[in-house]
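**Q** Pulled these features from Swiss-Prot for this protein:
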type     : residues                   : note
DOMAIN   : 1-234                      : domain 'Deacetylase sirtuin-type'
BINDING  : 9-28, 86-89, 169-171, M217 : NAD(+) binding site
BINDING  : Y53, R56                   : substrate binding site
ACT_SITE : H104                       : active site, proton acceptor
Amino acid sequence: MKNLVILSGAGISAESGIKTFRDAGGLWEGHDIMEVASPYGWKKNPQKVLDFYNQRRRQLFEVYPNKAHKALAELEKHYQVNIITQNVDDLHERAGSSRILHLHGELLSVRSEKDPNLVYRWEKDLNLGDLAQDKAQLRPDIVWFGEEVPLLKEAVSLVKQVHLLIIIGTSLQVYPAASLYTHANKDALIYYIDPKAKNARLPQNVQCINENAVHAMQDLMPKLIEMASQEMLK
């Protein structure tokens, strides 16, 4: 099977009802990003940070994978698929995808504020006084602004091996994830799916699809399956 990597962002989850912080009506409206998603904000007002992520975690149980998530999972029948996602939700997992790299962490995980290796699955609200095994306060297992991205090297390695790369639902404005596609082999086929894709300044080898995730994947699926069956990728 050919290697296919999906780089997904907030746009694909927005179609399931998860609000995005870059949209005018998004969940982050009214919040200074650095107040709720940075080590500075955590030190200044941990309760505010916990309240913010508790709200986001609760929202997960009100939304479901959409047809784009399910289409990406379906591609595992035809390709060796790895998903690199900037999203912290679990919609790819619930859609049936099996190999997912969460670059920016996961809402359903928490960790010790002292030891990032002490990670726990967490579905309820997180409160001050909830402690890890090392007696440190638990914090959201999220990569905050100003923190290193621990899985970046693994993500780069996956992109370097691809025959096909699909970038979907991301504005390509959040670094370092936005530059991942530049590590693809020059012979790799790259699709960029986003309602504003044609406005992006991308290399000529990137094929832009100016649609939302659901419609684009419905249109693209037959071609992707045909390419896999006919070994059309180098």
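The backbone N, Cα and C atoms fix where each Cβ goes, and this holds for glycine too.
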**Q** Tell me the Cα distance separating H104 (active site, proton acceptor) from G169 (NAD(+) binding site), rounded to the nearest angstrom.
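**A** Rounded to the nearest whole number, the Cα-Cα distance is 15 Å.
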**Q** Can you give me the Cα-Cα distance between Q86 (NAD(+) binding site) and the residue listed as 'active site, proton acceptor' in Å, rounded to a whole number?
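**A** Computed Cα spacing between Q86 (NAD(+) binding site) and the residue listed as 'active site, proton acceptor' is 6 Å.
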**Q** If you measure the residue listed as 'active site, proton acceptor' to G17 (NAD(+) binding site) at Cα, how many Å is it?
**A** 20
**Q** Return the count of C-beta atoms lying within 10 angstroms of the C-beta of S13 (NAD(+) binding site), excluding that atom itself.
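**A** Here the count is 27.
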**Q** Including all protein chains displayed, how many Cβ atoms other than that of G169 (NAD(+) binding site) lie within 10 Å of its Cβ?
**A** 25
**Q** Take the C-alpha atoms of Y53 (substrate binding site) and S13 (NAD(+) binding site) and report the distance between them in angstrom, rounded.
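**A** About 17 Å separate the Cα atoms of these two residues.
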**Q** Roughly how many Å separate the Cα of S13 (NAD(+) binding site) from that of R56 (substrate binding site), to the nearest whole number?
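**A** Spelling it out, the Cα of S13 (NAD(+) binding site) and the Cα of R56 (substrate binding site) are 13 Å apart.
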**Q** Which of the three DSSP states, helix, strand or coil, fits G17 (NAD(+) binding site)?
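**A** Its secondary structure by DSSP: coil.
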**Q** Hey, how far is G17 (NAD(+) binding site) from R56 (substrate binding site), Cα to Cα, in Å?
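**A** About 12 Å separates the two Cα atoms.
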**Q** Average the pLDDT scores across the domain 'Deacetylase sirtuin-type' (1-234) and report the rounded value.
**A** 91
**Q** What is the interatomic distance between the Cα atoms of G9 (NAD(+) binding site) and R56 (substrate binding site), given in whole Å?
**A** 16
**Q** Over all shown protein chains, what is the count of other CB atoms within 10 A of the CB belonging to G9 (NAD(+) binding site)?
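**A** There are 26 of them.
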**Q** According to DSSP, does R56 (substrate binding site) fall in a helix, a strand, or coil?
**A** helix
